[in-house]
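A short worksheet on the structure shown next.
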């Protein structure tokens with residue numbers, strides 16, 4: 001062995017020894033695996049010894065995925081020119097937990113069938129800003145977060161979420177989904193979903209088939225005109241609802257559709273409302289800015305009996321109210337402040 005090679009070997013061993021005692025992961029990686037990982041690092045990428053399970057291949061101008069070391073947990077491939085996701089490149093990466101493929105050129109046709117399924121331990125998949133026309137299938141069964149915003153997705157294949165009971169977050173913002181794509185059939189299998197983002201699609205109606213576990217629903221920037229009276233009957237846990245920038249008018253909102261004990265955050269900005277809808281006493285944040293509201297009638301918005309009851313524990317929970325961008329003139333009605341005693345901010 002040459003003196004140079006010997007020196008490099010000694011330095012590598014010393015470097016590894018230093019960082020073995022200061023790993024960022026709670027799960028210890030065996031020494032021999034760490035050595036193998038560092039030595040197998042693709043020449044196009046960066047594998048920092050202090051983050052031994054991570055491989056950084058972002059911003060490298062890559063057109064294909066290099067062969068990834070077997071003990072990789074976190075793989076960063078964003079901001080490249082990758083147009084094919086091959087099973088061969090990831091055949092050794094069976095321990096992957098997190099892969100970031102944002103801002104590439106991957107198409108549905110360029111996604112090989114078994115490329116994702118082989119990653120049986122994957123929990124986070126980022127494929128935002130690509131050229132996908134359909135949701136990738138089959139997906140890893142342990143996946144918890146799937147982020148596919150800003151693609152060209154127009155369809156959700158039936159059964160694509162079958163067996164996806166671990167998925168809690170589904171981000172499909174800024175795609176081309178229409179009403180017939182989001183149904184009970186297409187979403188079947190999402191038994192533990194918490195957040196769904198369907199903002200900036202081409203929906204004309206409220207999406208069907210959302211699981212009862214859903215707590216956050218983002219529907220901003222669609223063409224929704226009405227909400228069915230019983231829509232939230234099957235969604236008992238919804239806490240945050242965003243319907244900004246739709247086409248909602250008073251006629252499209254049944255009187256008590258938002259009078260839900262679970263809802264904490266309701267956003268209806270940039271619609272066509274002329275009146276404040278009925279809200280629940282548990283609501284904490286209400287966004288009604290940039291509508292066509294001319295006045296706020298406290299007797300309509302205030303829950304029954306509140307103005308006559310001075311008990312603090314029975315006060316409505318509203319803390320933040322936006323009414324700017326309407327036709328309302330200051331000052332804020334006194335009855336409004338009397339009703340919502342916990343209000344901390346009113347924008348008018």
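Using the three backbone atoms N, Cα and C, a Cβ is placed for every residue, glycine included.
According to Swiss-Prot, the disulfide bond annotation covers 41-47, 45-57, 302-339, on the basis of similarity to another entry. Per Swiss-Prot, the feature N-linked glycosylation site maps to 92, 259, 297. The repeat 'LRR 1' annotation in Swiss-Prot covers 70-92 and is backed by sequence analysis. Positions annotated as repeat 'LRR 2' by Swiss-Prot: 93-118. Annotation comment: Swiss-Prot describes 119-140 as repeat 'LRR 3'. If you look up Swiss-Prot, you'll see 141-163 marked as repeat 'LRR 4'. Under the heading repeat 'LRR 5', Swiss-Prot lists 165-189, citing sequence analysis as support. The repeat 'LRR 6' annotation in Swiss-Prot covers 190-213 and is backed by sequence analysis. The repeat 'LRR 7' annotation in Swiss-Prot covers 215-234 and rests on sequence analysis. Positions annotated as repeat 'LRR 8' by Swiss-Prot, on the basis of sequence analysis: 235-260. The annotation repeat 'LRR 9' is assigned in Swiss-Prot to 262-280. Marked as repeat 'LRR 10' by Swiss-Prot: 281-303. The signal peptide annotation in Swiss-Prot covers 1-26 and is backed by sequence analysis.
In the three-state DSSP classification, residue 339 (disulfide bond) falls within a helix. The two recorded residues, residue 302 (disulfide bond) and residue 57 (disulfide bond), show a Cα separation of 56 Å. For residue 57 (disulfide bond), the nearest neighbour among the listed recorded positions (41, 92, 297), judged by C-alpha distance, is 41. Packing against the repeat 'LRR 4' (141-163) from elsewhere in the chain are residues 102, 120-135, 169-178, 181-182, 185-190, 197: each is 6 or more residues past its ends and has a CB under 8 Å from a CB in it. With a 10 A radius on its CB, residue 41 (disulfide bond) counts 19 other CB atoms from all the protein chains. Nearest to residue 339 (disulfide bond) in space, judged by Cα atoms and limited to the recorded positions 45, 47, 259, 297, is 297. Here the candidates are the recorded positions 41, 45, 47, 259, 297, and by Cα distance the one nearest residue 92 (N-linked glycosylation site) turns out to be 41.
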